[in-house]
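Peer 1: Mind having a look at this structure? Questions to follow.
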């Protein structure tokens, strides 16, 4: 058995039988069905003859008779009798809401097929109902006749339809259900089919006990309440399903509400059900109070759809009044009451009428009986001897209805003990009483007349339930008196003792006394009639007695008779539970005590109340000024001193003080035995303690809240909580705040008029009036005012505000300023209690001028503590600014404080000039003012007064004056009164400034600065102008001091001596620097440094080992192949040339190879004796000249790396060589050369480029090798860089030197003129340079930054592939640079289409080779061929000498090999570990060459792999067109070029010693 309302979702309905689904679909109503029907009627209709193929079984539906609220369903079968057409069933609709079909969607019926659908009949009214259901198909529209009859529901349930309400109306009608059975009716389930219709108990809850769901037999009981909120306009319908235990019956109640589109007045309870009413047993009028909700004052008037006598609408009380006595016969009322407002219906905003459904069943007649038979009154009137009480009585009832009356049951609503009353039922409980028939129903026997009782006889009939009163009472009234104040509290009246004396105490003489009240309360269950009343007083007393009337006693607060008239009504009898009140006031003219009498007569007694009083002269009153409760609010104990002023002539001894307010007030007398009030004076009696929380209890405006979200809501107005867009001006609960302020106002009004009763020995209890003032607690006790009337624009002003906790408990508070972004969108309507309304002219500013420097999280402030917070203000525009300081706390929820400030511009003028004015403050001196210096008076002073005026509203404080950078005085100017002063608003002051001339210049200009409290200092210009002739005259007349000449001579001597000492110190310092630098250079290369771990060093070692093996094999192959002869030839030729030509010298390093060749041709060495220098890539020098493979194009190394210690060579003066013009490669077609010139060329190249060995030694005795100093090895002695002085020296030498070149001897050949290039020359002298290890390295450019500034990475990286040339070693040619000209070239010449690769071995015969003959400069293939033809005879002559030298070289070959191995080891040990030449470069490469027996090992350029295979050789390019033998091709290779490391090589600009070497080179050039 469920114990609560089961409001199941829509899914619960679908789980029920098919009948529930049908009823839910029925919610569309007649209107929806009609629209649906019209929609389908618009479809294309089929020919009428197609309807003959349709057949409905049954062809007509008759549902019979069913009660209202019960649904009935029948099945209809549709047959498609067509042979080959498919029937499409679209919809089934009807005009009556009582019939509905369960058909959903569209359905197709195949030929000769059938389908079924259900038709539901749910009657909504009584009587027969007939209609035609329209069946829309593809064959046409068929009709199905349906009919049924609705009968009265035995449970008295009716549909709720036709109710109209405005938008946002909340409707809560109640549903009553009747139990027609002889046993209780148990309700199992109640739920709604629509989610908008919520169900709740009649009491408002959602759960209830089990007996709440049980309806007693023959009883009408409210079972459920529907709650509906109209959020959207339109029709809203649903079904309320009630499932009872009686045969598992389901009852359905249709509910339809129409929500109007506008807001207006409405009634929450739109169903007024009076039930069944008997005209004779009903009271005078039945009223149904409408719960009308209205947002403004309106006058309502109602009208019914039909005029019904006895049914009216009371607009003043918003009640529906049913007067059953006005109905002449039986009547069933099921009508709508339409209620309108007084606004015009023709206006656009006219209110919409709402409706109330009124139901009632009026039965003319009733069940009559003798009322005295059920009433036992045990007291007889006083002084009247009446008949004795009749204890046995008989109850006879009579049927006054026009229909027979069936009595089902008779019972007592309240049980009565059998010892008090004996009730006996006569006959069968079920009695049928015909119209106008009387039946004896009960017999009553009163056994105890001293015990009163009250109950009702409940008679259940087929018409209604009748309740007959059954009571026993005495009929006497309870009498009580109350002087001065009438207290109508129910508990006070019940506790009041029976009192027949009213003591008015001491009353003023000859003045009207205060009122006294006599209260007669009727505790009997029957009304008591007042027959008469009268007040009797003495002759010397004037009295006023008034019958106030009757009223109920259940009132929770004292009643003011003058102001509160609600609830009083005039009466002739006092109803049960009511009280009658008489008011008495007297005015006596007797000093003695006297009394009067009030008499009241009733049918059962005569009441006599004695009123006594005594006259006295004087009165007492409370001094309200001293009775001040400061800072009083709930949660705090308030206290004040009670002072009473007495006008009596005798003292009054206070016995005690009582308050009319029963709780919250307590009095403590200063004297434990009672204070005596002195006559005609003011006396402090005691102290009153007041606790406001005890008075307001649960309705206090200050309460302890535990809901943090209510105190500190994070999102205003229940927003979406989106951070960044929150308006912090609304971060408070506005609804809660207004509720609390309203509670505060109510409590303040209640406490504004209070009274206390003073009990004394001399006087009767006196009532004294006083009031208690409560406050709304404020955290900010005062309104902050800026310290100055205005604040300067741009100035930062800080104001301190103190927040104080006024309570004794800890306070959680949070404060923040209004967000300027929401200033224009914020509408504040805060109560006056939380915001100061005095600043009504303030508006929230939308500029960020106020700030809280120390704002943070909420703070817990202890009780009584204070917190000082700073608020800064700074504005950039002059204007008045206002903002709110929001303070949230758990005490008052919210408090707002207006902050206002005004920003203004300072207005200051000095000498009628604005600050920073261009015009100076002029001190102009005339000629006559200088007469004083001629007469002996040297002082020439002029004084001017300037006005400092503050024309603004900001007070300005002048702190001081600065002239220049000195205070008050500087360079002749002086402020006479330099003390600071203040300038108020529109205030001015004179400032005097004096100028005293010193006769040094005719114009003096200085700046005057005024130090102020503004955000800036005020500056002006001071200008003194004097006549020049007067100044000179006065300066000449000045007497010079005697020591001036001596001081001048002494200073001159000191200066000259200081200059000499500086020169001497510079010489010694230079020598010390040179010594220190030389020692540093020597110490740096003193020993090998521990190299860093570098994988390239490992590669070097492996390459050297492979080169050593290859070299040994190569020497053997040379001996076998007869190459010694050629080697001897080259050696002889080399020796011969070395004798005849000047000794070559090492030129300064230059990126211009042609310039280098010029320098190398200047002199020839006398003796070619050198220690072999092993390049880093070679493991050991070759014992004999060997053919070298072609090298791949990689980065060119411009200078060789210092890998060994070279031998110094004696150098003779060089010859000046004429610059050789550059020959563009590729301008002439390469000629086919024979093998002989190629061989000769290779021999010469090999002799020139290979490292000098012992077989190349001339017959002259060898000079012992001299080890060069360490500075030459690290490049410190090399000249690097390019300077104009060196260029001019080189040009001079080039003019004097004659260049002999065989390339110009050809017929018709004209040597092109080489243009001067821009060279990157680091200026090394021949004396300080160390020879490179390999001349071929000069052609190697390993990095683009080694070239001139015109060479980029693009030029280096562009290396297109050239045609491969097979040299016998399966090597491929490298790609040549496409557009990389000579370094330093100005690009004026045409770019040759074919240039050498980025990395290629230099030929020994090339003009830019270090070991080349000075007469040879091979630039193009034609030039090389012609030179070979000219030198061919010379090579033949030298061959014999080479053969003889070769024999000498064979003997020391082995010894030479060992020496080279040792040198190689030493070189590796001295190698710089940070060699950048080993770094990888992204230039074109493929693989390194494989070490092959019989060939020299070639070291690749930096960044290439060990298997690089792309090389390019100029000599190989020349012979690529013609055949060459294997030996000749092998000999055509040149010695391995030495790589240049741009950071560690001797001539590198990144070398550590470059700066020292550059300095030395410059010094050498100067020499």
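Backbone N, Cα and C atoms are what each Cβ position is placed from, and that goes for glycine too.
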Peer 1: Out of 372, 1490, which one does Swiss-Prot list as N-linked glycosylation site?
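Peer 2: Cross-referencing 372, 1490 with Swiss-Prot, N-linked glycosylation site lands on 372.
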Peer 1: Considering the residues 235, 1479, which is the one that Swiss-Prot annotates as N-linked glycosylation site?
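Peer 2: Out of 235, 1479, Swiss-Prot attaches the N-linked glycosylation site annotation to 235.
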Peer 1: Here are some residues: 1201, 1330. Which is flagged as phosphoserine in Swiss-Prot?
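Peer 2: Residue annotated phosphoserine in Swiss-Prot: 1201.
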Peer 1: Can you check which of 1029-1049, 1050-1070, 1071-1091, 1092-1112 Swiss-Prot lists as transmembrane segment?
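Peer 2: Result: 1050-1070 is the stretch Swiss-Prot calls transmembrane segment.
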Peer 1: Between 1364-1386, 1387-1409, 1410-1432, I'd like to know which one Swiss-Prot lists as region 'Disordered'.
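Peer 2: Of 1364-1386, 1387-1409, 1410-1432, Swiss-Prot gives region 'Disordered' for 1364-1386.
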Peer 1: Which residue, out of the glycosylation sites 168, 890, shows the minimum number of other Cβ atoms inside 10 Å of its Cβ in this structure?
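Peer 2: Sparsest of the glycosylation sites 168, 890 by Cβ contacts within 10 Å: 168.
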Peer 1: In this structure, which of the glycosylation sites 84, 235, 317, 409, 1013 has the fewest other Cβ atoms within 10 Å of its Cβ?
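Peer 2: Per-residue Cβ counts within 10 Å for the glycosylation sites 84, 235, 317, 409, 1013 bottom out at 84.
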Peer 1: Once the DSSP letters are reduced so that anything not helix or strand counts as coil, what is residue 317 (N-linked glycosylation site)?
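Peer 2: Residue 317 (N-linked glycosylation site) sits in coil per DSSP, no helix or strand.
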Peer 1: Between 0 and 100, where does the mean pLDDT of the coiled coil (1096-1130) sit?
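Peer 2: Taking every residue of the coiled coil (1096-1130) together, the mean pLDDT is 75.
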Peer 1: Counting only residues 6+ apart in the same chain, whose Cβ is under 8 Å from the Cβ of residue 462 (N-linked glycosylation site)?
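Peer 2: Looking at Cβ-Cβ distances below 8 Å from residue 462 (N-linked glycosylation site), excluding near sequence neighbours, one finds 405, 406, 408.
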Peer 1: About how far apart, in whole Å, are the alpha carbons (Cα) of residue 316 (N-linked glycosylation site) and residue 890 (N-linked glycosylation site)?
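Peer 2: About 43 Å separate the Cα atoms of these two residues.
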Peer 1: In whole Å, how far is residue 168 (N-linked glycosylation site) from residue 890 (N-linked glycosylation site) when you measure between their Cα atoms?
Peer 2: 33
Peer 1: Quick check for the class: what is the C-alpha distance, in angstrom and rounded, between residue 168 (N-linked glycosylation site) and residue 84 (N-linked glycosylation site)?
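Peer 2: The Cα atom of residue 168 (N-linked glycosylation site) is 57 Å away from the Cα atom of residue 84 (N-linked glycosylation site).
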